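Engineer: Found this in TrEMBL, in case it helps:
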| type | residues | note |
| --- | --- | --- |
| DOMAIN | 105-241 | domain 'MOSC' |
| DOMAIN | 305-411 | domain 'FAD-binding FR-type' |
| DOMAIN | 542-624 | domain '2Fe-2S ferredoxin-type' |
């Protein structure tokens, strides 16, 4: 055990024990002694002139296991045992394109703990490979609270759910301090910082605001560096051996991290805490210089893009019903990260009188400085496509924002070894995958395009589809695309023989969904897009009750649930407006829902709905 440089007998005027500060409290138990060191005054607590306390073992001295909060001294945790020890590899997360090592598996053997973490444990994000992030601990008692607050996800709120390496009883953000040193097995570790939740928790728990909830509650877990390497196993002892910042619990640091974010005096003190991670030192120093940082990117997975003005520079008929629209950015630069489109790109556009039309379209080609859209005229629409076809001319301007990939986006994972890629397309649905098809051509990968149209004259972009790989089905020629004849069955004990992509009318999508379900294709090998026609999200009127407020809203025939919720001030995110991306997902608590869109699988539909396209029957209850 570490011995302090002074003892109580050396200078009674300069030395006090932790017990002296707490002796008037109840619940006294055998524990260890802290020695007061007056070298570092704490400007945030003038009544406690020093935040640097040294701990040394004295079995004859007793102290409390609970304390009065006005003392600002953090209670000492007891000696505990490791309940669970876990490591994990970087893997795709939940069938979406995001990867993570959060899905850690129990280890029943002795595991070597090195400066970089447990043997066999991986980290996907490069900064997370820092020695300051070597071990992650999470308080297992939090899981019961999550189960109560977010019902319907009980199977997800279990030990290991937050990707922790270790869990024990009796340690939490409220009684663990920055800089605390613990003996873990025969290793020694030191607390470096509370964990900062990121958008991957939204994937993990299938709740688009999970990362924000974790941050708001402070149930984040915390991280350690390794001071002495050693072996650890489930059941190993874990014991606090030194506390150097006894007034700086992780909860207190979180208060200034997320709530009182501009308290310069406290921020300065935090940057000087011994044991604090380099990451947090840099974060608080930058905040002192530049103000509080934007946390949306970390919590949501992407940064909100600005609406920019674009001019129509080309408008060309491709078929009797489809026109090509080419837009160019007006006198404004775009950063390199925003310039390029991601896989399956789309944009949202505002146009018309008073910008009363908002639509989302797949991007055929280009980047955010200049791009091409293929837009079909829909005579049954609410007027958006008709306005663009009949009243929007070269030189006219509109507002554009880049479509984003939200937390619960369904996206096909890369499959470099897939035997075949199969595209099932109908009408204007061809625009959703032209970029993907061109990529496969460049990679010399085997693929098939099955393209259904009313007539050959309605087949747009045929010049961009390699004839040797494309079959066109024209209804006027008596040809019909039969999905069951296109998608191959699965082989026993083998990877799926194809990756399937589909975009077209509702009937085509439903037929394809039914076929892949019948064959047993995993979600990771299919990708759907839907037209999102002008009438998407409209239909029979219904009522919706918002659980948190008890407020009941009327959703009329001509408006979507998304529109009504945003008009009522609930600020629901959205992107594609067609049921493809899942950004507008809300929790469905009660009542019957008519599901539309392709972003949710059958399991998700039991607890969620897409507010941009799905509707209720009678009255439903949601949580948003």
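Keep in mind that glycine also has a Cβ here, set from the backbone N, Cα and C atoms.
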Engineer: For the domain 'FAD-binding FR-type' (305-411), what's the model's average pLDDT?
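Structural biologist: A mean pLDDT of 85 is what the model gives the domain 'FAD-binding FR-type' (305-411).
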Engineer: For the domain 'FAD-binding FR-type' (305-411), what are the DSSP-based totals of helix, strand and coil residues?
Structural biologist: 15 helix, 47 strand, 45 coil
Engineer: Just give the helix, strand and coil counts over the domain 'MOSC' (105-241), going by DSSP.
Structural biologist: 29 helix, 41 strand, 67 coil
